[in-house]
Amino acid sequence: MTELRKRGGGGDPDSTENISDKETDGEDKLGLGAEGEGEGEVEGEGDSKADTPDVPPSVDNTPECLNKALEGLSSRWKNWWVRGILSLTMISGFFLIIYLGPIMLILVVMSVQIKCFHEIITIGYRVYHSYELPWFRTLSWYFLVCVNYFFYGETVADYFGALVQREEPLQFLVRYHRFISFALYLAGFCMFVLSLVKKHYRLQFYMFAWTHVTLLIVVTQSHLVIQNLFEGMIWFIVPISIVICNDIMAYLFGFFFGRTPLIKLSPKKTWEGFIGGFFSTVFFGFIFAYLLSQYQYFVCPVEYSNERGRFTSLECEPSELFVMQEYTLPAMVQNILRWRTVNLYPFQIHSIFLSSFASLIGPFGGFFASGFKRAFKIKDFADTIPGHGGIMDRFDCQYLMATFTHVYIASFIRGPNPSKVLQQLLVLQPEQQLSIFNTLRNHLREKGMLPPAVLEAQ
C-alpha cells in the first residue's frame, strides 16, 4: 500500500486517480490501512478500532421456553443445556432424513450448501461494506448456480445413464454439458468485468475472489459428500456421524475435565477434550461400522433403477468389505486378550482410519474456521442454531472429512465400475459398440474364458 502511494506521486495521471481519496477511504474501510500482526508490533496496534470490521454482533435467538426453563442457571450451564438439547434434536432429524432415503439426503446436502454459502457471502458483504457494489450479490448467486449446474450435471451423466438414454433433451445436455457450463461461467465473468466501477476496482476484485474461494470451500466439497453417498449410504453416514461424535465427546471431556489449552485460535479447546474425543470417536466408529455393515440398505451402492424409475440401494451382493472375515491377532495381543483370532467386517478396520482422521485432523477444519472468525472479529458465522451459531459453524469439520473420505475411497477402496463402463458404451455409435464387442470377444477367447458352446456357435 505504501509503495503504491509513493508511485502515485508522479507519472501517469490515471494511476494517480486510481489511488484517489475516495478509493483510499474505501481501503480504510476494508481495514487495509494498517495491516500486520507481526511480533515486533505494539500490542493492540493491529487490532485497533479503525481496523475492526463493522459486523453486527450475534443475536441470542434461544427459544423463550428454553430461556425460562434455564433462567436460574449460570451462563456456562445454560449454554451446556441449550447445546445439548439442540444437538439431540439435530441428531434425531439426521436419523429421520436417513430413513427417508438418498434423494432426501441429497436435497439436505444442497440446502446446507446454499445456507453455508449465504452465511460466508453475507460476512463478506458486511465486512467489506459492499452495499454499493453493482451486481455483487446477483453475480455471487449466479456463480453458485453455474458451479452447481456443472457438478450436478456431471453426477447425472455418471449415475443416471439409463435415464439419459431415454430422454432426447438430456442426451443433448449431457453431450455438451461442459461447454454449456463454461459458457454460463463466461457470461458471469463478462458481467463482472462490465460491472467494474473506477472508484470500487479493488473492492470488487476482493469480492470476486471472496466468492470464488467460498465456492471452492463449500460447493466443491458438498459435491464430494454426494459422491460418497453414491458409493453406499454407509460412506455418507459413518464419516458424518464420527465427526458429530468427536465434536460432542471433545466438548464433554473439555467441559468437565479440560484444564490445558490446546490452541490459541480456540481458547476453549483443551488437550483433555482433544484426547478424550479421539479415543471415544475411534471406539464409536468401530462399533457403528459393525452395526451398519450388517444391512444392505446401508452398504449397497446407490444406483438409479431403469425398471423402477428410482434410486435403489436395497438389493445387491455386498462387497468383500461388508462380509465377515476372520483375522489372526498379533502374538502380543493374543497374550493379553487370550484370543487367537477375531471376526470383523473389513469396513471396521477402515473405520479406524476414518475415525482417526476425524479426531486428529478434522478439528483443524474447526481451527481454520476459528481463525477466519477471529480475523473478522465475529463469534459465529450466523445465529441460525441457538447455542451453536450458523450452519457453517457445524459443518466446518464435515467438509474436510468429506474430502478425505472421497480421496480415501478413490485411493484404497474403489475399483473399476462395470455399470459406468456400460453406460459409456451405450452412448457410443453402433459401429463403435460392435468393434469393442469383437475386441472383447477375441480377448476372452485368447484367455480361454469363453464357454465351449459359444466357441462352437462362432
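FYI, residue positions are counted from 1 along the chain as it appears here.
Even glycines carry a Cβ here, placed using N, Cα and C.
Automated prediction, rather than curation, is the source of TrEMBL annotations.
For reference, TrEMBL has these:
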type: REGION; residues: 1-61; note: region 'Disordered'
type: COMPBIAS; residues: 19-30; note: compositional bias 'Basic and acidic residues'
type: COMPBIAS; residues: 36-45; note: compositional bias 'Acidic residues'
type: TRANSMEM; residues: 85-112; note: transmembrane segment
type: TRANSMEM; residues: 133-152; note: transmembrane segment
type: TRANSMEM; residues: 179-197; note: transmembrane segment
type: TRANSMEM; residues: 204-226; note: transmembrane segment
type: TRANSMEM; residues: 232-258; note: transmembrane segment
type: TRANSMEM; residues: 270-292; note: transmembrane segment
type: TRANSMEM; residues: 347-369; note: transmembrane segment
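Residues 110, 113-114, 117, 121, 125, 177-178, 180-181, 184-185, 188, 191-192, 195, 197, 200, 203-204, 207, 211-212, 215, 219-220, 223 of the same chain lie 6+ residues outside the transmembrane segment (133-152) yet bring a C-beta within less than 8 angstroms of a C-beta in it.
By the count of Cβ pairs under 8 Å, the stretch nearest in packing to the transmembrane segment (85-112) among 179-197, 232-258, 270-292, 347-369 is 232-258. Proximity of distant same-chain residues to the transmembrane segment (179-197), defined by a Cβ-Cβ separation under 8 Å and at least 6 residues beyond the stretch ends, is recorded for 134-135, 139, 142-143, 146-147, 149-150, 153, 173, 204, 208. Tertiary proximity for the transmembrane segment (270-292) is limited to same-chain residues at least six positions away from its ends with a CB under 8 Å from its CB atoms, namely 234, 237-238, 241-242, 245-247, 249-255, 257-262, 298-299, 344-345, 347-348, 350-352, 354-356, 358-360, 363.
Away from its own ends, the transmembrane segment (232-258) comes close to residues 80, 83, 87, 91, 94, 98, 102, 105, 225, 268-278, 280-281, 284-285, 288-289, 292-293, 297-302, 313, 322, 347, 351, 354-355, 358-359, 362-363, 397-398, 401-402, 404-405, 409 of its chain (Cβ-Cβ under 8 Å, at least six residues beyond either end).
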